[in-house]
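Please read the structure below before turning to the comments.
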Amino acid sequence: MSTNPKPQRKTKRNTNRRPQDVKFPGGGQIVGGVYLLPRRGPRLGVRATRKTSERSQPRGRRQPIPKDRRSTGKSWGKPGYPWPLYGNEGCGWAGWLLSPRGSRPTWGPTDPRHRSRNLGKVIDTLTCGFADLMGYIPVVGAPVGGVARALAHGVRVLEDGINYATGNLPGCSFSIFLLALLSCVTVPVSAVEVRNISSSYYATNDCSNNSITWQLTNAVLHLPGCVPCENDNGTLRCWIQVTPNVAVKHRGALTHNLRTHVDMIVMAATVCSALYVGDICGAVMIASQAFIISPERHNFTQECNCSIYQGHITGHRMAWDMMLNWSPTLTMILAYAARVPELVLEVVFGGHWGVVFGLAYFSMQGAWAKVIAILLLVAGVDASTQVTGGQAAHTVRGVASIFSPGSRQDISLINTNGSWHINRTALNCNDSLQTGFFAALFYVRRFNSSGCPERLSSCRKLDDFRIGWGTLEYETNVTNEEDMRPYCWHYPPKPCGIVSAKTVCGPVYCFTPSPVVVGTTDRQGVPTYSWGENETDVFLLNSTRPPRGAWFGCTWMNGTGFTKTCGAPPCRIRRDYNGTLDLLCPTDCFRKHPDTTYLKCGAGPWLTPRCLVDYPYRLWHYPCTVNFTIFKVRMYVGGVEHRLDAACNFTRGDRCRLEDRDRSQQSPLLHSTTEWAVLPCSYSDLPALSTGLLHLHQNIVDVQYLYGLSPAITRHIVKWEWVILLFLLLADARVCA
C-alpha cells in the first residue's frame, strides 16, 4: 500500500495563480501583458472561418457576446425586488386541479404579466388567472377562455394607456406624484357650503364638520371654499383665512404645530427611501388620508356667516389686490431662499432631528434636489404672516333695475267652476304670429287684475312644504290635485305628448330654457305650415330634458282661455312622499333640497320659485305676473349659451335674508368689473375669485361679487396637499401599473 498522500482536488485556494491569456470577443487577446490584434475576420463578436494554414492550431473556445442584462434584485433591501405572484401560482394550481386535460395553457410572449409592474402585477394576475380558469371548463372552455384572454389583454392595454397618460418617465417613478398633483391643484368650481336648519337649507361660507380635515391648537386644515366658525362658550368667531384651505385662530398662530408634523413627515420619507419601500409608504400615505380621524379640539358651527357681506370692492382695489396676492411666485421663491441660512441654524438648535436626518441622508446620496425640497418645505411652514391692508369701505347705491309694466291688454280673469281663465272676447285664435294676435299683445292698453288674488290663493310658498332629504327620484306618474293650477310655480306638469292643433289658441312655447315656438306638423313630423287648419295638424311636444332632449317643458292656451302645460318629470325630494305636505319640484328647489337644480328638475318656464322665463305671450299664459320685474339671464345647458329675460316676483319691501335666497345656476352678467348680476334674492353658486367664498351685497339683493379680498394677509405657507406630494417625492413612491 502506497504511503504517498492522496492527491487533493484542485480548488481556488490550492491552485497557483498564474497570469492567464485573456481573450476578447472580437478575437484579440493579451499575451505576456501585450494586447494582440485579431488575425482577420468580420466585425466584433463574429467568429471568422480559419484558413487552411490555421487548421492545425488548437481551436479556442468562442467568447459569448456581452449583453446588457437588467439587474434584478433578490432581496428585500435592494431596489427592483420582484413582487411574489402567489395569486398567480394559486390560480395555476387551482386550474391544474380543475382541468380535464391536467395541463396549464400557455400565453406565449404576449402574456400581459410580462409587462406589468407594481400594482399592475396584482391586476394582471387576477385577470389572467381568471382567464386560465375559464379555459379549463369542459366543452366550452376554449371559447370562454378566449374571451377571457381578450378581456385580460384589454385591461393590459388600459393600464398601458394610464401609464402613458401619467408620464413616460423611466420606471414610472412619478406617476403617483403626478396623479396626486392633479388632484390637489384643481379647486372645485362650486364649493358652496350648505346649512340645514330643519325647515330649509341655505348657503353659507361657514365650514361644516365634514369640511374640517385636521384640527391643531390654533390652526385648522379644511376643504377650500369655506371659513371655520367657532362657538367658544357662546361667543361666535370667524377664523382668519391664510390659504384657501388653512385658517388660523389669530395672526401668527400656525408655525409651531405644523413644523412638528413636517419634521415627522421628512423623517418617515427618508426611512422609506433608504429601505427602498417607497411604493408601500406612498400607498399607505395616500390611503391614510381617508381613514385618519382628526382630534376634535374646537366646537365648530355654521352660525357666523363669515365673509358673506364684506363690502363693495372697486375695480382699482381689485387690480391692486391682484398685484399683491396673485403674483407671489417670485416673492415666495426669494423669501424661501433668503431663509435658508437661518434655517440651517434653526433646524440644528431647534431639535428638528427628522429634518437633520433627511438632509444628511440625501446629501450623502447626492440627491440635492431632495435636499432643496426639504429646505423649502421647512421654510414654507416656518414663515410668518404680515398685514398688507384693510377692508374696503362699504358703499351704498340705489336700485338700478328697470321695472317693465309688461303688456296691458283688455283682459279679465273669469272663474268657471273653480278654474280661472281669461275672457274669450280677448282671444283671436285664428290670428298668426304676424297679425293682430301678436300686435294686440303689446298695444292693447288695459288689464283687469282684480281676480289675481283669488286665482293665486291656491298657489303655495316654498316654505309651506316639508324639507327634503336623500336621493332624488323622478315622478313619472303625475296626478294633479284640485288645488294645483298650471299658473302656480309648484304645479307639476304632466308628460308632454301629441297635442291636436285644433284645441290650441295661439302659439305653443317650449323652453330650452330659451323660449321657442313649436310649429304644426302631421303625426310623422312633416311640417304643415297651416297653423291648425287641418284636422291632422298636431304639435309634437314629447321630448326629454336637455341636453339629451329638446326642451324642459311647454306652455300654451286652449280655445276656452285655460293655460295648459306639459314637461319633463319633476323631482320627488322625499321617499315618504305626501301629496298634501310635500313638493314635486319642477324647478330649482334649493331651499328644500340642495340637489334639485333646474337642469335636473326643471319642467317648464320657472327658473326659481320666484322667477320664470319672460316671452311674448307670458301675460296670456300667466296674466298675474304683470307686475313682475324683468332681469337679464345667461345660462349654459350642455355647453350651449342661452341669453334670455326672466320675470321675477320681488319688490323692495320683501324680506331677503340668507335663508330666503334661492339658487340660480347661471353664468351671471357683469354690472361692473367686480359685480355680478344675479336674480333678486338669490345667489349664483360660482364662488368669488381669490377666496372661493360667496360675497353678497349688504343692501342690493341682485348683486354678487365676483372678486373678494382675502383677509388682508400675505402668506408664505405650503398647503397640506403639497406636504403629501413632497412626501411621495422624497420616499420615491412608484405605484403605477
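Cβ coordinates come from backbone N, Cα and C, glycine included.
Annotation source Swiss-Prot lists region 'Interaction with STAT1' at 2-23, citing similarity to another entry. If you look up Swiss-Prot, you'll see 7-16 marked as compositional bias 'Basic residues'. If you look up Swiss-Prot, you'll see 32-47 marked as compositional bias 'Low complexity'. What Swiss-Prot records for 112-152 is region 'Important for endoplasmic reticulum and mitochondrial localization', and it gives similarity to another entry as the kind of evidence. As annotated by Swiss-Prot, disulfide bond applies to C429-C554, C452-C459, C488-C496, C505-C510, C566-C571, C585-C589, C601-C624, C611-C648, C656-C681, with the evidence given as similarity to another entry.
Known features from Swiss-Prot, placed on the structure.
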| residue | record | Cβ contacts under 8 Å, 6 or more apart |
| --- | --- | --- |
| C488 | disulfide bond | L456, S458, C459, R460 |
| C496 | disulfide bond | L541, N542, S543, G553, C554, C566, G567, A568 |
| C571 | disulfide bond | L472, E473, Y474, E475, L584, C585, P586, C589, H593, T596, K600, C601 |
| C648 | disulfide bond | T608, R610, C611, F628, T629, I630, F631, L679, P680 |
| C656 | disulfide bond | F650, P680, C681, V701 |
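According to its DSSP assignment, C601 (disulfide bond) is helical. Each residue in the region 'Important for endoplasmic reticulum and mitochondrial localization' (112-152) gets a DSSP state, and the totals come to 32 helix, 0 strand, 9 coil. Note: the Cα of C505 (disulfide bond) and the Cα of C624 (disulfide bond) are spaced 19 Å from each other. Ranking the disulfide-bonded residues C459, C554, C589 by C-beta neighbours within 10 Å puts C589 at the top. Note: the Cα of C510 (disulfide bond) and the Cα of C452 (disulfide bond) are spaced 24 Å from each other. Set side by side, the disulfide-bonded residues C452, C611, C624 differ in how many other CB atoms lie within 10 angstroms of their CB, and the most is found at C611. Distance between Cα atoms for C624 (disulfide bond) and C452 (disulfide bond): 6 Å, as a whole number. C624 (disulfide bond) carries a helical DSSP state (H, G or I).
Counting other CB atoms no more than 10 Å from each candidate's CB, the disulfide-bonded residues C505, C510, C566, C585, C601 peak at C585. There are 21 other CB atoms within 10 A of the CB of C681 (disulfide bond), with all protein chains counted. In the three-state DSSP assignment, the secondary structure recorded for C656 (disulfide bond) is coil.
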